[in-house]
Amino acid sequence: MAEFSLDRSDIAGVVLAGGRSQRMGRDKSGVMLGAESLLHHVLDRLSPQVFSVAVNADARAENVPVIPDRIPGKAGPMAGIHAAMTYASGLPKVSHVVTVSVDCPFFPADLVARLAAAVERPSQIAIASSEGRSHPVFGLWPVTLAADLEAWIATDEKRRVRDFLLRHDVTEVAFPLHPTRASLLDPFFNINTPDDLVEAERWLEALRA
Ligand SMILES: Nc1nc2c(ncn2[C@@H]2O[C@H](COP(=O)(O)OP(=O)(O)OP(=O)(O)O)[C@@H](O)[C@H]2O)c(=O)[nH]1
Ligand SMILES: [Mg+2]
């Protein structure tokens, strides 16, 4: 069997922050968790794992390139993933892009390494899961899928990430729960509401040594 392998220099990272944050009531990127914004937490965790980072959002960010959706009308997370693929395809040597969500500050420090290790073919997508649930916005995507994704967004009514994945070769990578001083943390715990933010503050405290 032919060997296929990816390393850090092949992979760009994009933080998805192009949603409406309706349940939070204000842009989640700027929401503070402990002393830092959610965007800052996520960039800190992603940057060491990839060749370069950018943020998919409508406006401004802290010292990182911002890539707006190329498909208008807030078409959902797949529009952000499309913007990510298109951006990454313009970077030298980069063949893949990893996407993470701005509202998920505790994602694994070995996310990219483990997704990359699972990919067996150049066209394969790798998606993260935990506790038997997949987290399809946490994915490693070949940038060559950009045209197919653009065509799919134009014709698919619901534009669910899961429906896009059904059309492709996908491998899922299970990540363990993370031990903390309190109990086990799902590393893909995500913050949608003000109540979730209160819970995230408790996890941040529990993670402190
Ligand atoms: N580019 C882009 N990203 C989106 C869009 N909708 C959601 N996202 C991103 O997809 C991820 C998951 O979305 P949600 O958790 O629903 O976040 P959200 O849509 O901002 O929040 P709600 O308005 O409360 O649903 C987040 O990182 C969002 O920023 C969109 O229309 N365009
Ligand atoms: Mg949403």
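Cβ coordinates are placed from backbone N, Cα and C, and glycine is handled just like the others.
In TrEMBL this protein carries:
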- L16, A17, G18, K28, N56, D69, D103: GTP binding site (BINDING)
- D103: Mg(2+) binding site (BINDING)
- 13-168: domain 'MobA-like NTP transferase' (DOMAIN)
Taking DSSP three-state, what's K28 (GTP binding site) in: helix, strand or coil?
helix
In this predicted model, what is the average pLDDT of the domain 'MobA-like NTP transferase' (13-168)?
95
Among D69, D103, which are binding-site residues, the residue with the most C-beta atoms within 10 angstroms of its C-beta:
D103
For L16 (GTP binding site), which residues in the same chain are close in space, meaning a Cβ under 8 Å from its Cβ, but six or more apart along the sequence?
N56, P77, G80, I81, A84, T99, V100, S101, V102, V137
Give the number of CB atoms, excluding that of N56 (GTP binding site) itself, located within 10 Å of its CB.
27
